Amino acid sequence: MNDQESDDKVDLEELFDSSVEHEPTPMGERVRRTADLTLVAPARVALTDWRAVVGTLILFGFFLAGTAGVVLVDRPTSGDAPILAPPFQNLNYILGTDTFGQPIGAQLIHATPAMFKMIFAGAVVSIGVAALVGLLSGFMRGTVVDTVLMSVTDIVITIPGLPLVIVLMAIFAPKNPYVVGVLLGLDNWPGLARTVRSQVLSIRQESYVEASRIMGLSTGTILRRDLLGQLMPYITINSALASRRIIFESVGLYFLGILPFTTFNWGVLMNLAYKGGALNRPQMLHWLIFPMVTIFLMSFGLVLFSQGMDSVFNVRLRARHASTTSDNSAMDQGQGDGDV
Amino acid sequence: MATNYLAKRFGQAILTLVATIALSFVLYHAMPGSPTESLKNVILSQQAAAGGSTVNIERLNRLVALYTNVQPDQPLYVQFYQYFSSIILEQDLGTSIYENKPVTTLIFERIPWSMFISVYAMVVGYSLSVLIGAVMAFKEKSRFDSVSSVVLIGLNSVPYYIVGILLIYFFAIQMSWFPYGGRVSSSVTAGFNVPFMRSIVMHAVLPIFSMSMLGLGGALTMRGNSVRVLGEDYLRVAKLRGLRGSRIATQYVGRNAILPMYTQFMIGIAGVFSSAVIVEQIFSYPGVGLLMYNAIQTQDYPLLMGSLIIFTTVTVVAIFIADLTYGFIDPRISAGADNE
Amino acid sequence: MSVRDEIFEIRNLDVSFELNRGASRVVRDVDLNIHREETLGIVGESGSGKSMLSSSLLNAVVEPGVCSGEVTYYPQDGDPISVLELSESELKRFRWEEVAMVFQGAMSSLNPVMRVRAHFRETLQDHNRDIPAGLERARELLESVYLDPDRVMDAYPHELSGGMKQRALIALSLILEPEVLVMDEPTAALDLLMQRSIVALLDDLQEEHDLTIVFITHDLPLLTKLADRLTVMYAFGIIENGTVDELLYNSSHPYTRALLAATPDLNVPVDEMHAIAGSKPDPVDRIEGCSYHPRCPIADEHCRSSEPPMATVNGTHESACFYHEKAREAVPLRGDSKQEGAVHE
């Protein structure tokens, strides 16, 4: 908790500096400080929370599979191995093979990069739109812009996401994983946008902001300084939850066969196995089960990570702004639209 | 204040509907090529199947207009006005290309079934999460509490459609307790008789359970809220007043802990309705979701857009009803205050 | 008259909490008598155990605190009741019917989603009282605390001000006509004016309803206006007892005297009496000898090694100090000479 104190002192110094004559902090110092605040301190707290540790490990495992794994394991092709080999028999296809003789393990690994692309695109779109809408309407509170943006937000919250996404997918039939991610991210921003807006509003009301305003700093400068730190928890946790949602939806759509089968995808595997009647044929069951386990693992990692981060940030927030009465954790606010 | 709030929510509901209709109109035009182009092939193949002769462009436009209410040869604003007014004034969502029946007829046949499983899924999911969350809070830090948290995080990481597949595998295929598809057994006669009712219930159990997974995320929120309420002064005073335990549990802990979740529940309505699309496909449950799925397979765009509009309407109405009732549950809402 | 003078008799009361670093004993071996229809003021620093003592009168010490010892309640008629041995259902009846309590969280002591009327109704219902008659009585009570029953009964808590809530709560505490009203810092969160008006109100109510009031506060000046008798607590035990006049003008414990000295003017309340040198004791520590010896100016070897018993100073005035005769000179009060003159003339 010593970092905490030093952080606050730094803030205070900056405050006083600016009242006399504002000298910008050296770039290196600023980077170091930001790194300390946003990376080192949370990491240290995160190590004490088992959920954060396990979640991060799982996600790192998937990261390895998506980068090194793709290089190390050959891209599966038909006839690589005997068809429908049972799992845990042969080291070359340890998870068994499908009806085309493609090793299931290799397919799972080669589906990971596309998954990451989707998640990345989806998270960037949803977080980006959310930040843009939230900041704009927060800054322009009470204006027409605010009213319009918030109405749009409410409308998007209400429109059932999945049917809309399905219609979009049916019309555009996207093949590129980035495009799939963007389309999935399109209806995922309103919750975070509202959070960002209320954070902007609450920062404007805090007493130290009032003080810096009296000292002559512009509202913009103050918000820039404090907003990022304040929003980090929400952005991190929402990214994790948005990722989980994108996995659920994309796999669901591939599983239904609504998205074109262009690449390897866990949902495609499930679709082929399910359509092939894996539920009724014990010798095919592994074809269905391993993709499901993979999806579970990845979202379990994401959920653990978000919950761990939630408590990490809560500890930090509580220490920093003991006076603010925000009992709601970022988790609660993200959860509402995290479902689906 | 209260009427003001409701007026605002009503306006928002209307706006959402208008926005969805506008969106579906835009989507017709956003299809690769024009609506004429993209529908041409579909219609032509239908015609060919029906043994029709060659069609000229005017006839095609007429057909497009007949099916979609979009008249491709008119200026855009006229097109939109006609599209919009035929939906609002005549409740005409166009005609299904594949089935050659009015979209409204097709959808209204199916809606009760989707509503049936969605409503019960919501009731089951939310009651379970409230109950589990409350018990966890009462036994805070007990074994039950910690085990349940891990189980809930686990369930949060399993997409509801995977739950659906697992339910089919274990309870329909392995145990044969429930049928694994359809909405009623073909062997019973329709009507107001016990075997028919029983068959409907048996067919609905598994879809309802897999959809209710969506509501379970609320259990952890409920736990947090209950823990907070258990520490409130009014709870201590209620105990000091010698009130009955059941009254304290429901009127004091229950009511005050559930209230903050009401918004989350409202937003969740959209999610549960949406999930019908995937769940109905897995269970071959003939509701609107399955209709929509089939529409994608047959490129039946009028039916697809109609389903989207109907899904939105149902969600908007459900959320509006929830808004109406919110005032009865939380007296503070009438005091105004857009507390965010 | 066969009615006993005591309404409460506390013997060897202990309250303790199990903490990771050991048992925390927040009330230690307390003996106390509460007389019928008196107003007893219990005063002490925050953390001296006074709230725990008062909660134990209803066997309502917050979990996971454990009470031991004897708390005996003598009803107007009927057999004495041993409060700490009551069963769950007996306790539910005992609370609010015999002893009611208003404590410092008055601002949030009412259920935010229920009207004030519902609070009265559910209390009556769960104690099997006649509801229409009870609600009529509730209106009278609200009137007697200067609230408009028509308005307040139909109001939700958030529609009332802090003072109104506090008064509504006092009315609620009297709805079942209890014998004893325990008030734990009921005025802490209110402004001065509201404090005074509530104190005046309590005086009237006590007379009207033949109440016994136990009033807990760290606001000594407030107590001197209200109480008949004072009990001073320090470090989880009682160190001095006596009538208000005795304690004000003839206090015989160095702590009480330091307390009085630290209160600049009895007409001005102080929030914390921290002007006394030294720090508060930790409830986990074992205390050797007199609990006040580390801060006491006249402590000697005797005080450090053995615990002083309660000794009678004068009539009902008792002090737990070996040197209660010397305390007066050792810790002088401001204006003592003048007061002394006044008392001895």
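Backbone N, Cα and C define each Cβ position, glycine as well.
The compositional bias 'Acidic residues' annotation in TrEMBL covers A:1-16.
Look at TrEMBL and you will find A:19-28 tagged as compositional bias 'Basic and acidic residues'.
Summarising the annotation, TrEMBL assigns domain 'ABC transmembrane type-1' to A:116-306.
Feature annotation from TrEMBL assigns region 'Disordered' to A:1-28.
The transmembrane segment feature in TrEMBL is assigned to A:52-73 (among others). Cβ atoms under 8 Å from those of the transmembrane segment (A:52-73) belong to residues 46, 105-106, 108-110, 112-113, 115-116, 297-298, 300-309, 311-312 of the same chain, restricted to positions at least 6 beyond its ends.
Sequence-remote contacts of a segment are chain residues at least 6 beyond its ends whose Cβ falls under 8 Å from one of its Cβ atoms, and for the transmembrane segment (A:118-140) they are 146, 149-150, 152-153, 177-182, 184-186, 188-201, 223, 227, 231, 235, 238-239, 242-243, 246-247, 250. Positions annotated as transmembrane segment by TrEMBL: A:118-140 (among others).
Long-range contacts of the transmembrane segment (A:152-173) within the same chain, counting only residues at least 6 positions beyond its ends with a Cβ under 8 Å from a Cβ of the stretch, are 133, 179-180, 183-184, 186-191, 193-194, 249, 252-253, 258-260, 337, 340. Marked as transmembrane segment by TrEMBL: A:152-173 (among others).
Here the transmembrane segment (A:251-273) has long-range neighbours at 76, 98-99, 104, 107-108, 110-111, 114-115, 162, 165-166, 169-170, 173-175, 177, 180, 284, 287-288, 290-292, 294-295, meaning same-chain residues at least 6 beyond its ends whose C-beta is under 8 angstroms from one of its own. Taken from TrEMBL, the feature transmembrane segment applies to A:251-273 (among others).
If you look up TrEMBL, you'll see A:285-306 (among others) marked as transmembrane segment.
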